[in-house]
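See below for the structure under consideration.
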Amino acid sequence: MAIANKNIIFVAGLGGIGLDTSREIVKSGPKNLVILDRVENPTAIAELKAINPKVTITFYPYDVTVSVAESTKLLKTIFDKLKTVDLLINGAGILDDYQIERTIAVNFAGTVNTTTAIMAFWDKRKGGPGGVIANICSVTGFNSIYQVPVYSASKAAAISFTNSLAKLAPITGVTAYSINPGITKTPLVHKFNSWLDVEPRVAELLLEHPTQTTLQCAQNFVKAIEANKNGAIWKLDLGRLDAIEWTQHWDSHI
């Protein structure tokens, strides 16, 4: 997908990886970039507008833990204004295994709810035009960081959901792929809580190993958007972009 002249909704587009990705997206010249986030950042919004004044950038406050009905109401406002949306990026995430319910609500249920809400406008069975979803998951969904099992499980669930969305594309007209960053230098990973304090130094231990910058991750994210491969499971790690082959151990035969 060429980003130029497209309409894009980016949930959590002002976060660590999110903000650098928004910068890279704006450089590619979309028509509209609509950022949905919990907290407005006027300085960041102004910076994005300055990068490419031809791009219309709009911010709406949004908490992914609201109901599907509330999400649908906000999306209707956006669709009424833009008429069409080409790409939805679900990027909300937290890393704190003390907060079990909120981790699941943000990292998994929030992605499901926002996706469910946009189907009202995209699903071809309802006369919609289809669309593309990029879900930011994590390499911990492949192999867990066992000291943060709640976070890792929430990301594994998000990957599984995304894989199912991709297989449903012939029915819904909506394609999907997952973006799975490795350990990236963001505020998220500098300090976080392990489950039941099984490893108080988990953040320090992770950062002793090779990481990547948010810019490297963002640049590869844009490459994945441009590749636009339905069902792709992208690994963005150590400055590289690699497609992962998912191993199938069971088949439902339906």
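Cβ atoms are placed via backbone N, Cα and C, with glycine included.
Annotated features in Swiss-Prot:
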- Y151: active site, proton acceptor (ACT_SITE)
- 10-33: NAD(+) binding site (BINDING)
- S138: substrate binding site (BINDING)
Completion exercise
Candidates G13, S28, S138 (binding-site residues); nearest Cα to Y151 (active site, proton acceptor) turns out to be S138
Exercise for the section: Just jot down the residues in the same chain as S22 (NAD(+) binding site), at least 6 apart in sequence, with C-beta under 8 A of its C-beta; none if empty. Expected result: F10, G13, L14, L33, I35, A44, L48
Practice task
Select one residue from L19, I25: among these binding-site residues, choose the one with the most other Cβ atoms within 10 Å of its Cβ.
Solution key: I25
Handout entry: Site of maximum Cβ density within 10 Å, from binding-site residues S28, S138
Key = S138
Exercise for the section: Among the binding-site residues G13, G16, point out the residue whose Cβ has the most other Cβ atoms within 10 Å, with all shown protein chains included in the count. Expected result: G13
Fill in the blank from the handout: CB neighbours within 10 A of K31 (NAD(+) binding site), counting all protein chains shown, number 16
